[in-house]
C-alpha cells in the first residue's frame, strides 16, 4: 500500500484524543473537583464535621490547582482556589473584616520508610523568598500551626470590643460574648502604653486534657462526644449561650497584628510575639523561635514533629514566616495567601485505605479486640497495615465492614485506629426484589396473570461484622459481661495469649510474692514453652533456668563471642554448665512462696473481678481454700462487697474442671495456703432469706424467701422435699441443675463452722482484734504498711483508709498527719507499733 495515499489509515491518530476531548475531560473534572472540595469545605468550616482527612483534601486541592493552571479559562466562579474557608453560620451577627483573614499556602515534607524527610518544597519556598528579595538573606520565625479556629480580636483604648471568626475570609461571625469567657484572653490589655487600636489575630483551641474532660462529661450526660479538640473548640465557640462556652475551657494563642494605631511599632515578627506577651497574651513558650536560615528552621520542624505527641494542644504543622516586617511588605501576597509565609504541614496522621479483613487479637488479660487488616497505607510516618476497632460496640457504631474505604488515624506512638467509614465508597451488589406488577400482584406471586418487570436494589457486598463465639487460640468461649464493652476469652491460663500475664500476676509482690522472678524471666520461660501452668514454676530447676537464659542470650553471646553468664569454657573450648547464683535465688524465692496467706493465694489465681479486697473477704468468710472452692454462687453473692456479677465470676472460675485441675497441681507441687480465721461467717451474712432470693432463675423477694424458709421447716432438706411448698418453687427445684445446687448448699453449710464456733475462736481467731477496725498512719519503726495490714487481717481485724466514729484503733508511726489529729478529736484509741504487736499477741 502506498504510504502517501490519502486512503491510508493512521490507527495511532484514531486512538489519540483530540484537543477538544482533552478540554471537555478537563472541564468535567474541574467541575467535579470544585463541587467535591466545596462540599468538603462546607463540612469542615460550617458543619465542623469533616468526612475526609486533611491529606485527602490537600491532594484534591492540588489536583484542581494544576488543572486550572493548564486551563485558566475553565476556572469556575466558586472555585475553592479563589477563596478561604466557608460561609458564616446563621445566628450570629456578621462582621466584615477590614483586613481580610487569608489562609496560608501549604508545604509538605514526606517521610520515607526510614523516617527521613524530603524538604524539597521548603527549599523551594526559601528560594522563592530569596528571589523576591533580590537575593537577600531572610531570617525566619517558626511557630506551631494550631489545629483550632482562627479568631480576630479588636481592642480600642486597650479594651476588647469585638471578636470575630474568619468565616470566608472577608465576612465572619461576631462571637464577642463567647470570646470573653476564654480565660487567657485579656479583656483589657496590660501595660501603660497600650495602642489606641489594635486588631490581634490568633487561634482558639481546646487543650487535650480539657477535651478529654469534656467528652467524659458528654458521656456522663448521655450526649454525643466530640470527634477531636478542633471540633470541640469550634462547637463551643459557636454556642448561642455563652454560659455553655464558659464551661468548655477554651484557650487562645495570638500569631499576628492585622492593624494598629499608636503604641509600640514592631520591625520584626519575633518582636510582635514579645509585644503580645507584654500586652497580657499567652504564647506557646518553648515551641517557637527565630532562625537565621532555612536549615535551622527545618531542624526545629523535625524536633517539633517528634515533640508533637507530648504537647498539651493539637498542632498539625509549623508556620514559617519571614521575620522582617519590611521584607514581608516587599514580598506581598498572591490571590489567597502571603508570599512570605507557609504552613509546613506534618506528615498526615489520617489517610484513606481499604479494609481487607477483620479478625481478633487476644490480649494478655483475655480482652478480645477486633482488628482491621488494611491495604498498606503510609500515615503518621509509618506504613500501617493493621488498625484497632476497639470492641464490638465500636465496630457496630461505625459499621466497619470488609471492603470498606476507611479513614485511618495514627498520632505519635498511639495504636492506629479506624476513625470512620466513607460510606459512598462501600462495595455494593445488586439483588432482585419482589415488586408489584401494577395490578395488585407481586413478582413472586405464582398466580400473577402478567409477569412483573425485574427490579433490583443495591445492598452492601459484606455483612456486618460480629465477634467469634470462641477464642481462635484456645477455643474457650468468648464472654461479654452485661454492662461491659470488652469481650474476653474465658480460657485464662489455658490460653497461650494470657499465660505470661497470668504468671506475672501470680508471682507479683501482692500475690505469691516470688522474690527474684521478674517479668523478663517469666516472659522468656513462656516464650520458650518451659512454663505453661502455675505449678510448672514449682518444678523449675537449675538446668531449666540455665537453658532459658542461654536461649535468650544466644544472639548476644554469639555476636560477642563470649560465654554467657553461668557457663565456663574448658580446655576443649566447650561450654560447661555451672550452677549460678541468680538461678539459685529464683528457686529460693519459689520455695519460700509455698505457704502463702489464703487471701494472697486467691488473689494470685487471677479470678476475674477478684482483687486484693475481694480475696481478703473470701478468706475471712471461708477460712480454707477447700471451702472457697466449693462455695455456692448464692452464698458468695451475700458477702460484703461481692455482688451478683463478682459472685458469678468466682463460681464460674471454680466450676471449670481445668481450673480445679490447675489448683490440684499447685497443691501436689507443695503449695499449701494458710488457714485463715473466719471473721465474716457466712451464717451471719448469707442468711436463708438472702441466699434464697439470689438463687438463679427463681425471682423472689427476701420477705417472701423468709416465708418460704419457714414453710420448709427452716432447713434445706425441707426445701428439697416438702410437697406442700408453692408450685412455682417445686417446679424450680425439679430442674436437675437446681436440685444439684440445693444439695451443694446443704453440704456446704454442714461443713462450715457456725457463727458461735467462729466467735469462740475455733479457727484461731484473736478475740481482741477480730471485728475491730484499724487505721494505719505515718511510718512505723519496723513494719511496712502492707505487713502491718496483713497481720491485722490475719487476726480477724479490718484495715480502713479513713478515720471515723466506727474506727476502733489508729496505729500511728513517725510523721503521722491529719488521721492522728482526727483520731484524737474523736477520742479513738491510738496505738504505737509495739502496742499493736502486743495486741496481736
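Every residue gets a Cβ built from N, Cα and C, even glycine.
Binding site for NAD(+) per Swiss-Prot: 54, 55, 56, 57, 58, 103, 104, 143, 203, 321, 345, plus 166 from the candidate set 166, 238, 373. In Swiss-Prot, the feature region 'Disordered' is placed on 554-575, out of the ranges 510-531, 532-553, 554-575. The local packing around residue 54 (NAD(+) binding site), expressed as other Cβ atoms within 10 Å of its Cβ over all shown chains, amounts to 19.
Across the structure, residue 145 (active site, N6-AMP-lysine intermediate) and residue 471 (Zn(2+) binding site) place their CA atoms 46 angstrom apart.
In the domain 'BRCT' (764-841), the DSSP tally of helix, strand and coil residues is 27 helix, 17 strand, 34 coil. When secondary structure is read from DSSP and collapsed to three states, residue 489 (Zn(2+) binding site) falls in the strand class. When the binding-site residues 471, 474, 489, 495 are screened for a Cα within 10 A of the Cα of residue 321 (NAD(+) binding site), none qualifies. Neighbour density around each Cβ, counted as other Cβ atoms within 10 Å, peaks among the binding-site residues 104, 471, 474, 489, 495 at 489. Largest Cα-to-Cα span within the NAD(+)-binding set 54, 55, 56, 57, 58, 103, 104, 143, 166, 203, 321, 345: 25 Å. When other Cβ atoms within 10 Å of the Cβ of residue 145 (active site, N6-AMP-lysine intermediate) are tallied across all protein chains shown, the result is 22. The average pLDDT computed over the domain 'BRCT' (764-841) stands at 86. Sequence-distant contacts (6 or more apart, same chain, Cβ under 8 Å) of residue 58 (NAD(+) binding site) comprise 106, 108, 345.
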